[in-house]
Amino acid sequence: MPLPRRSPSEPLADAVDSAGALPHAGEPAAGPRRGAVARVKKRGPAAAATPATPATPATDRQPAADDAASAPKGANQAPKQPQKQAPKSAPKPADKLAKLGLLRDIDLVLHLPMRYEDETSLTPIGELLPGETAQAEGVVVDNEIAYRPRRQLVVKLRDEAGHELMLRFLNFYGSQVKQMAVGHRLRVRGDVRGGFFGLEMVHPAVRPVEDDTPLPQALTPVYPSTAGVSQAYLRKAIDNALACTRLPELLPEPVENALCRPLGLPPLDEAVRTLHHPSADADETALIDGTHPAWARIKFDELLAQQLSLKRAHDERRRRTAPPMPRPAEADAGSLTARLLGALPFALTGAQRRVSAEISGDLAAPHPMQRLLQGDVGSGKTVVAALAAAQAIGAGYQAAMMAPTEILAEQHARKLRGWLEPLGVSVAWLAGSLKAKDKRAALEAAASGAAQLVVGTHAIIQDTVEFARLGLVIVDEQHRFGVAQRLALRAKAHRAADGASDFQPHQLMMSATPIPRTLAMTYYADLDVSTIDELPPGRTPIVTKLISDGRRDEVIARVREAALGGRQVYWVCPLIEESETLQLQTAVETFETLVAALPELRVGLVHGRLAPAEKAAVMDAFSRNEVQLLVATTVIEVGVDVPNASLMVIEHAERFGLAQLHQLRGRVGRGSTASVCVLLYGGPLSLTGRARLKTMRETTDGFEIARRDLEIRGPGEFLGARQSGAAMLRFANLEHDAWLIEPAREAAARLMSDYPETVAQHLGRWLGGREQFLKA
C-alpha cells in the first residue's frame, strides 16, 4: 500500500494510520545483533510489488519557521536534553515511539533493523516441514474458539491443493476473530510444528490478502521495539519518515574522497535506504554479519560522531581555567615532591617516572587536567597518585582521593599517611562509618584547609563536606563512580575557588583494569591516558591452576601446607548467602567448613555485610599475620596489599568475569615468594566460562586479559557508569569494526580543524543534545 505523504513538520504518530496489516503476533522487543537475516526457503516466484510513491524529500535540518507552530516538540529538531517521554498532550502513539527515543524524523530514519525476514516467497502447505520458519497462504475453512485445555482461537487454513494448516492463538482479540473469519484469505508466517491434528503454527504473523495480492520484492525489516509498538506500526512510521527525509552528505568532498571512497563506503543516504529495504537478492551473508558496505558506512558515521563529541569535550575542558601548580625543579631538594621521592623505601620504575612526568606537566598548566592513569595489578599506581598530590599540596592546594569501597579507601589512607605524614602533610580520613566526633573533626580540617589531603569513600561528596582550597581530585576505580558523583566532587572546587567563575580542579582518574587500545581510542578519546606498562622488580610470576571442585580435599591440604610453612592464604567465595539457582558455596558455610577441616589454623572471615569496624579489624589482623587463612567475598578485589600472602583459592571461578578474576589474583604475588592461584570450578562449563578460565591459565598480562574480556563481554564492563551517556555505540563493534576507528579519528580531526561548521550537524544527527555526561 503506498505510504501517505506528509510534511516534515507533521507529528510522527499522526502520519501512521492504523489500517493495513495486522500486527505480528508475538513480535520480539529485542533479538539478534543488527544485520541478522532470517531467511525462508524459496519455493515460488515473487510477484511484482507495486512500489510506494515517495514524497518529495526534505533534509534532516531544522523545520522552517512556518512549520514551527505545527511541529510537535522534538520533531525534526535536536532537543537540548534527551527526552524520556513525549509531551503529555501528544497522541498516545507518539508517546510509544518516545519510549524508543524516536522523537524526530531523523531518529526514525536511523532506527535501523536488527534483522530481516524473507517474505518474498510462499511455501505450499503440503511442503511445510516441522521445525522450519515459513510463509504460507490459504483460505479460512474453519474458525472456532476452543476452551480445552484452555481458551484459544483455532483457525484452519486450506490452500488450492487441499492441504490444511492449523493456526492457534492463545491470546487474541475480537477483531482478530472477525479478520480471520471463514472465507477470508490469509498470508501467515511463523514456526511450523507438528500438532495433534497435523501441522500447525502458534501465534504466526497474519496478513489478510486478496487472490492477487503481490509478494514483497524486498526483505522485510524487523526493528528493535517495545511493548505496545508493533512491527507494522514501526515500519509505517519509518517508511513515512524515509519518504520525507533525506540525509544530505555532511562530509566535505575532500574528506569523502580521502577516507570514505577508498574504503568502499557508499553515501549515507543510500546506505540507510539499503538497510531499511534491501532487495531480495541482497548479499545475505554480509547483512547477517554486518559487513555489508551499507552497514560499514553507518558504523563509520557513528564512530565519527563519537570522535567529534569526545574531541569537542576535550577541547572545551582545555578552555577552562585551573590552578597552575608549578613543576618542582629537579635541583630543588626541599620540595615536597623531592622529599617524598627521597623517603620512599623503593625506586620508581621507568614507567612510573614517565607517567609522573606527564601528570606533573598537566598540573603545571592553567587548564584542568583530565587524565586516566591505567596499569596492571600491582604496577604501582598509588605512589604516582601520591606524587601528584604532593605537587598540588606543595603549590598550596588541597587534594582529595575517593575510592569506591571502605576497605580500599582505608588502605590508601594508611599507605599515604605512612609516606606523607612524616613529611609534615596532614592526611584526613573520611568515611560513613566514622564516629560522630571523628567525622566532625575531619570535616572541620577539610573546611579550614588544615587537612591537606582528604581520603575517603562516597562520604567525600556529601553536602556537609567543604574544602578550603581544593585543587586536585583523584578518583580510584573511576568506572565504579557515576557521572553525578564525579561532578559533585568537582563542584566542591568551584565553591573553594579563588574568585574564578570557571575554576575547575585537576582530575586524575585511576583504573586497575587496563583499557584495551580500541576502547581507549573510542570511549576514552576525550581523556589523556597514561599507562604504567612495567611491574616493580622482585615480583614473582603467579602460577594459575584450574582444579575441579571434586578435588577440594587436595586444595585444602595445599592450604594447610602453605599456612604451616609461614605463608598466608586467601579463599574467595562469590556470595554471602545461599542461592538455590546458582548453587554457590557461601562465605559463611565455607568459613565453617574450613575451620572444621583446619583446626590448627587461625581463620578469619570478611564480607560486605560486616560492620566497617569489624571488616577493618579482620583485615588488620590478616596484615599482621595474626590470621593465616582469610575467607572473603570480593570485597578484597582491589587495593589489599599483604606481601606474605602467596596462595589464593577462588571458589566457583567460572562465575566471575575475567577482569574480576585478574584483580583477585593480583592480591598474591606481591612478595618474593612464588605464588599460586587456584581456580576451583564446577561443571559443566559454558563456552564463555571455559574461555575465561583458559585465558586465566594462559596469561598474567592484564592488557591481554582486558583485550580478551572485551571480545567476550563488550565494552560495558570496562565503562561502568560512563556508558550511561551519549557516546555508547549502537552499531559499531570494537572488535570487528576496528578497521574503521582510525579513519573516523582522522575524519574527526579534519572536520574540527578545516570544516568546524559541519561538526554540530553531525552531532545533532547522531547524538541530539546528549553530550553533557562527557563533561564529568
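A Cβ is built for glycine as well, from the same backbone N, Cα and C atoms used for every other residue.
If you check TrEMBL, you get these features:
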type	residues	note
REGION	1-93	region 'Disordered'
COMPBIAS	23-38	compositional bias 'Low complexity'
COMPBIAS	45-92	compositional bias 'Low complexity'
REGION	311-332	region 'Disordered'
DOMAIN	362-532	domain 'Helicase ATP-binding'
DOMAIN	565-711	domain 'Helicase C-terminal'
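Mean pLDDT across the domain 'Helicase ATP-binding' (362-532) comes to 85 in this model. In the domain 'Helicase C-terminal' (565-711), helix, strand and coil residues by DSSP number 59 helix, 28 strand, 60 coil.
In terms of DSSP secondary structure, the region 'Disordered' (311-332) contains 8 helix, 1 strand, 13 coil.
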